[in-house]
Each structure stands twice: as C-alpha cells, then as structure tokens.
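According to TrEMBL, the active site, proton donor/acceptor annotation covers ASP148. Residues annotated as Mg(2+) binding site in TrEMBL: ASN7, GLU385. According to TrEMBL, the ATP binding site annotation covers LYS14, HIS208, ILE209, GLY210, ASN211, GLY212, ASP283, MET284, ARG285, GLY331, VAL332, GLY333, GLU334, ASN335. Annotated substrate binding site per TrEMBL: ARG91, in sequence order. Taken from TrEMBL, the feature site 'Transition state stabilizer' covers HIS180, ARG241.
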Amino acid sequence: MNILVINAGSSSLKYQLFQMKDESVLAKGKIERIGMETAILTHEPAGKAEVREVSEILEHTTAIRKVLALLVHPEHGVLASTAEIDAVGHRVVHGGESFKNSVLVTDEVKQEIKRLFDLAPLHNPAHMLGIIAVEANMPDVPQAVVFDTAFHQTMPAPAYLYPIPMVLYRKHKVRRYGFHGTSHKYVSERAAAFLGRPLEQLKLVTCHIGNGASCAAIWGGQSVDTSMGMTPLEGLMMGTRSGDLDPAIVPYAMGKEDLTLGEISSMLNKHSGLQAISGGSSDMREIVEAMEAGDKNAALAFDMYEYRLRKYIGAYAAAMNGIDAIVFTAGVGENSELLRKAVCEHLTFLGVEFDEEANRQGRGLERRITTSSSRVQVLVIPTNEELVIAEDTYRLVQAAVD
Ligand code: ADP
C-alpha cells in the first residue's frame, strides 16, 4: 500500500509518499509560495535527481495536481499511475476537544474541522484546502486526518484548564490543548523501545525543540501535561515566539506603543523569542555561532532559552513525582549538542549523569547521552511525524476494509 502524506499550509504544501510494506519513502517534496507567480516546487524522488521548478501555482488544487504529475512523471516519477496511491493522510493542527484520535475524512469530519477554524485560524483553513484539493484530484481515494492536539486530550482538567472564569471554557472552549502531539507520541514510544521497558511503566519528559518548541509530561504512555496551550504561543521560548509571559504585558504594551491586537499578536508570534533577544536570528545554529564569536545578545538568548526549557523539565518532574527519562527531538533537540549539554549539566539534582562523549556522537541515530549508572536517562530520538501520519492512515484504511 502506498500512502501520500500531506502537510498543507496557507502558502505551502509538503508531501511524502510512503511504501508501507517497508515504510520506505518513495518521494518527498514541497511547494512554497502558493498563490504567487513564482511558486517554488522541490521534488526528491528516491534514487533519482532532485527536481526544482519555479512556476505560477495560484491555489492548492493546482499544487496537488503538480505533485501528482511529478509522482507519475516518466523521468522524475516513482509510480506508474496515480491509481497506485491507496490513501492520503493529512496533518491537521487543531482537533479541539472533538478529536482524540486520527480519523478517516467524512463530511461530518470536514464540518467539525471547519468549526475549529476559530481556534487555529492560520492552520486549519489551510489543511482544509489540502483535503479539498485531494478530493478534487482523486475523488475515490480515502483520506485520513491526524491531529497535533489529539495525543494531549488525555490531560486531566487541572492541567488543561486556565484559572479564569469557566464561562470562557464552557462557551468558547478556552483551554489548553497542546501541539506537536504526533511527535511527542512517536518519540515516547521509541524511547520505551530503546530503554527496553514497557511504556506503561515510564514517566517521560519529551522535548520537541524545533522552530516551534514544546515539552510534554508523559506518564504510562499518556500525555498528562504539555507546555503549549490553547495556541502554540504558550510555554517554552521559541525561535520567534515568546512562550510564557505575564498577560498584563499585552494591554500595557498596546497602550504604550499604540499597537493594534493584530500587531501585538504578530509581535509575540513572529518577532519574539530567540530572534528578539539575539537581535537578529531565530535559528539556533546562527545563535551558537554568534555566541561563540563573542556576541553577548546571542549568549543571553541562548541562556534564556535553556533556562526556560530546564524549568519546564523540573516542573514536569514535579507533575509526575519523578521521571525515568528525558527525550530530546526535532531540529534543535536532535542537533544542538550545546543546548543538550547546558540542560543536562544543570539537572544533576534529578539524577542526570551526563555523558559528554555520547552527546557528541551518533548524529541522526537514536541514542543515550547519559552514563549507564545515571538515575534518569537522557535520550536523543529523531522524530518522524510523517511516518506516524502514514501509519495512522494505513491502520484506519485497513480497519475500514476489514
Ligand atoms: P520546525 O518547527 O519548523 O519543524 P525543525 O524541527 O526542523 O523546525 O527545527 C528547525 C530548527 O532546528 C532551525 O531553526 C535550527 O535552529 C535548528 N537546527 C537545525 N540544525 C541545527 C544544528 N546543527 N544546531 C543547532 N540547531 C539546529
């Protein structure tokens, strides 16, 4: 069975085609700048040369048509015909309280995703465009949706409610949902396999540290808390997002700087975090380079980032009354030796015995970066959200056939 995984953004579309027999990737790619005359398509077929095209792609239906054409292209393709695509799995950011698991797309599911547009105005409408574009091009192919929020639906009320009037929750569903659930779930399962222990017996803190970043407290395989909230703005300091701050800053800064709601929202989401403190870059590679060259602002940005992450790990150790392992994943978590070292060296009180040598080795592999006698293990586990989406889609389609 071949499954096409799609992550549709408002002006971009990423895809990966999986052969489920061995879970290999037959092709992957992305289209950026959808809606413009100069949209950029990058297509990487396995074992063949990469293709890059610049052309006018004004909307998602055309984007999907382009992708399908490339997948069956005589030179750049990997399939004889689009009939060889058995199902499509979509990433959907917000499933609200309606979706606790991945589901097959039906009219009702589409209606519910639309009802959730308010909660994720930047993401869910774009995902819906992706679903409709697939329908337009491949009307008979089953589609599934996999939600970033679903895994965190096991959080108990004390973790998911905000201490504000309950009417906001009852009427408007203002609560904490959490994101990156697909990744937290995947790395927690891989961590249990790596440690050779049943997931049901483990208390884990998983740290998905990419451009966006979140931690999760995972107890017995269930998410019991996570750092992102109603939106992905809460929690850790990120590349361009502030993470936690005193909400009174919002009206205060709006008044002092004469900002609109849109402007303050853009400031907190797009111009804060590492970028704001370093005075330029939101990319951890550039922060570390600048810091090593003596840039004090970059060093401050790094220290704040690490400090805020470490505080969350401590909080989750308290939330679960102890932890067995900490897992680092995503762009920064998998690649930044320096961040992992800084975090681990400050967690000796928890029983973390850092292994400097192991931290430097094995890039791209699942590995342990603590000594064998460390009471709390620290692991690096590369995430693979697309594979989880493909697996969930496969499972749902198989179940529907059986
Ligand atoms: P996204 O949240 O967009 O999916 P990723 O998980 O791909 O992000 O992470 C992207 C980030 O990973 C980059 O912004 C960069 O800061 C960081 N990164 C990638 N490689 C390295 C590296 N070698 N050292 C430090 N940070 C890195």
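Note that Cβ sites are derived from N, Cα and C of the backbone, with glycine treated the same way.
Worth saying up front: this structure is predicted, and the values here are computed from it rather than measured.
In sequence order, the recorded positions near ASN211 (ATP binding site) (Cα within 10 Å of its Cα) are ARG241, drawn from ASN7, ARG91, ASP148, HIS180, ARG241, GLU385. When each of the recorded positions LYS14, ARG241 is scored by how many other Cβ atoms sit within 10 Å of its Cβ, LYS14 comes out lowest. Closeness to ligand 1 is met by ASN211, ARG285, these being the recorded positions among LYS14, ARG91, ASN211, ARG241, ARG285 whose Cβ falls under 6 Å from the molecule. Around the Cβ of GLU334 (ATP binding site), 19 further Cβ atoms fall within 10 Å across all displayed protein chains. Cα of GLU334 (ATP binding site) to Cα of GLU385 (Mg(2+) binding site): a distance of 14 Å.
Spatial neighbours are here defined as Cα atoms within 10 angstroms of one another, and by that definition the neighbours of ASP148 (active site, proton donor/acceptor) among the recorded positions ARG91, HIS180, ILE209, ARG241, ASP283 are ARG91, HIS180. With the fewest other Cβ atoms inside 10 Å of its Cβ, the least crowded of the recorded positions ASP148, ASP283, GLU385 in this structure is ASP283. Comparing Cα positions, ARG285 (ATP binding site) lies closest to ARG241 out of the recorded positions ASN7, ARG91, HIS180, ARG241, GLU385. The Cβ of the residue listed as 'substrate binding site' lies under 8 Å from the Cβ of VAL5, ILE6, ASN7, ALA8, HIS127, VAL146, ASP148, THR182, GLU385, ILE389, each of which sits 6+ residues away along the same chain.
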